[in-house]
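Participant: Okay, here's the structure, questions in a sec.
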Amino acid sequence: MGSTISPPSGEYLLEMRGINKSFPGVKALDNVNLNVRPHSIHALMGENGAGKSTLLKCLFGIYQKDSGSIVFQGKEVDFHSAKEALENGISMVHQELNLVLQRSVMDNMWLGRYPTKGMFVDQDKMYQDTKAIFDELDIDIDPRARVGTLSVSQMQMIEIAKAFSYNAKIVIMDEPTSSLTEKEVNHLFTIIRKLKERGCGIVYISHKMEEIFQLCDEITILRDGQWIATQPLEGLDMDKIIAMMVGRSLNQRFPDKENKPGDVILEVRHLTSLRQPSIRDVSFDLHKGEILGIAGLVGAKRTDIVETLFGIREKSSGTITLHGKKINNHTANEAINHGFALVTEERRSTGIYAYLDIGFNSLISNIRNYKNKVGLLDNSRMKSDTQWVIDSMRVKTPGHRTQIGSLSGGNQQKVIIGRWLLTQPEILMLDEPTRGIDVGAKFEIYQLIAELAKKGKGIIIISSEMPELLGITDRILVMSNGLVSGIVDTKTTTQNEILRLASLHL
């Protein structure tokens with residue numbers, strides 16, 4: 001299915017041809033191709049569940065393909081482990097970094113293959129070899145530093161340098177910028193381009209369309225386990241890529257705004273967190289049926305606002321007024337009782353219990369309310385409410401007993417939102433609600449948010465994606481270094497104005 005630009009044989013570093021893989025009852029990959037040239041950055045895109053992960057697991061030998069061939073540097077290969085693939089020159093930098101935090105940078109670089117001098121590890125050689133690679137890639141990190149003291153972006157650099165130390169010809173990067181600042185992203189892109197100049201083929205996986213156009217030369221698109229197209233980025237636009245990914249044209253990235261903000265339901269005045277550095281003197285109003293965005297650069301303390309409102313952080317001063325009555329949320333339970341709900345930023349670590357089912361994950365925030373008169377859990381009500389979450393949030397799942405970790409990121413997020421709606425909140429706060437979610441699922445999340453606002457919920461959204469804030473909010477509160485630097489009307493503001501305000505107190 002689809003079309004490709006096919007150069008003469010031998011121009012590819014990696015050729016995955018006609019890869020098929022089935023699981024019981026599921027055709028995961030159906031005749032999928034991926035061809036990567038040297039000196040190129042190749043985007044691999046598709047919605048969650050399109051087959052990207054399965055294809056790469058077949059490449060690394062984690063899954064054995066049913067049929068098809070893998071040709072690397074002109075030779076057919078069939079790896080049986082990621083270690084074997086790495087030793088042959090194919091490396092992957094995972095979204096979840098794979099480093100030993102308690103060990104030094106150079107220990108992590110050469111783990112399992114330390115240079116030796118006699119019976120001992122040659123520390124000097126390990127240091128010099130690490131420093132030489134870092135110098136070549138313009139990485140400014142002390143090889144002796146403990147990894148646990150470094151930023152996420154620095155850890156990314158170490159993973160890339162480690163791949164380089166194996167003389168990797170193919171480097172696969174899975175959502176490498178998901179936790180990076182703009183400055184860190186630019187540095188990462190510089191290093192990726194250096195790898196390209198040295199002849200590497202980079203496979204770049206990201207849901208951030210702007211990055212794809214900024215960085216990549218070619219793109220392969222998968223949908224529902226099928227190969228759709230491999231084409232140069234030149235001549236493509238965002239709408240064409242989205243249409244190929246989702247199988248239909250998305251005429252709009254954001255739903256129409258049908259909500260009509262009403263009376264003020266939440267008044268925040270001079271809110272300051274006890275633990276500093278954090279928020280200071282934060283004031284704003286939230287109206288019934290309003291979607292209020294919170295923007296700011298990394299470190300602006302956006303998350304601190306919602307954590308303080310939700311009782312996770314203690315306030316030292318200021319007032320929170322709900323429907324004209326002053327309240328105090330000393331704990332999350334108090335906040336829930338006052339009608340607040342918080343969808344946290346880190347879905348995997350603080351949002352879901354990955355190995356438990358949808359039922360448990362749907363009900364856990366409200367579990368005490370399911371006890372009957374004799375103190376036992378009311379299974380009938382629990383099953384009914386779980387089904388309500390699945391139906392009303394439009395969760396794609398075989399059933400409520402399905403392990404939530406097996407769902408796509410978009411469907412996991414729908415379950416989390418549904419879980420909080422069961423607490424019947426008036427104020428719904430969402431921190432980076434579409435991070436790591438594909439473009440089709442993003443639109444569905446936006447639709448849910450718009451529907452909730454239309455029903456009168458007061459909604460606060462924190463997002464690092466400026467187009468998202470401009471596309472779905474009514475107003476945007478801009479934070480800078482813990483202070484409110486402005487509140488703007490979404491209809492009349494610009495991205496440049498928001499960035500100017502975000503830099504005001506740096």
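The backbone N, Cα and C atoms fix where each Cβ goes, and this holds for glycine too.
Pasting the relevant annotations from Swiss-Prot:
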- G46, E47, N48, G49, A50, G51, K52, S53: ATP binding site (BINDING)
- 14-249: domain 'ABC transporter 1' (DOMAIN)
- 259-506: domain 'ABC transporter 2' (DOMAIN)
Participant: Cβ within 8 Å of the ATP site centroid (G46, E47, N48, G49, A50, G51, K52, S53 excluded): which residues?
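Facilitator: The answer, listed by sequence position, is L222, S408, D438.
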Participant: Sorted by position, what residues of the same chain at least six away from N48 (ATP binding site) have a C-beta under 8 A from it?
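Facilitator: Sequence-distant Cβ neighbours: S408, G409, G410, I437, D438, A441.
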Participant: Taking DSSP as the reference, which of helix, strand or coil describes K52 (ATP binding site)?
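Facilitator: The residue in question, K52 (ATP binding site), is helix (DSSP, three-state).
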Participant: I need the least crowded one of these binding-site residues (A50, G51, S53), counting other C-beta atoms within 10 angstroms of each C-beta.
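Facilitator: Sparsest of the binding-site residues A50, G51, S53 by Cβ contacts within 10 Å: S53.
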Participant: Near G46 (ATP binding site), how many other Cβ atoms are within 10 Å of its Cβ?
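Facilitator: Summing over all protein chains shown, G46 (ATP binding site) has 27 other Cβ atoms within 10 Å.
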Participant: Tell me the coarse DSSP state (helix, strand, coil) of G46 (ATP binding site).
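Facilitator: Going by the DSSP assignment, G46 (ATP binding site) belongs to neither helix nor strand, so it counts as coil.
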Participant: Across all the protein chains here, work out how many other Cβ atoms are within 10 Å of the Cβ of K52 (ATP binding site).
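Facilitator: Cβ-Cβ neighbours of K52 (ATP binding site) within 10 Å number 22.
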Participant: Note the mean pLDDT of the domain 'ABC transporter 2' (259-506), expressed as a whole number.
Facilitator: 92
Participant: Note down the number of other Cβ atoms within 10 Å of the Cβ of G49 (ATP binding site), including every protein chain shown.
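Facilitator: Neighbour count, Cβ to Cβ under the 10 Å cut-off: 22.
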Participant: Among all protein chains shown, how many Cβ atoms are found within 10 Å of the Cβ of E47 (ATP binding site), not counting that one?
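Facilitator: Excluding its own Cβ, E47 (ATP binding site) sees 24 Cβ atoms within 10 Å.
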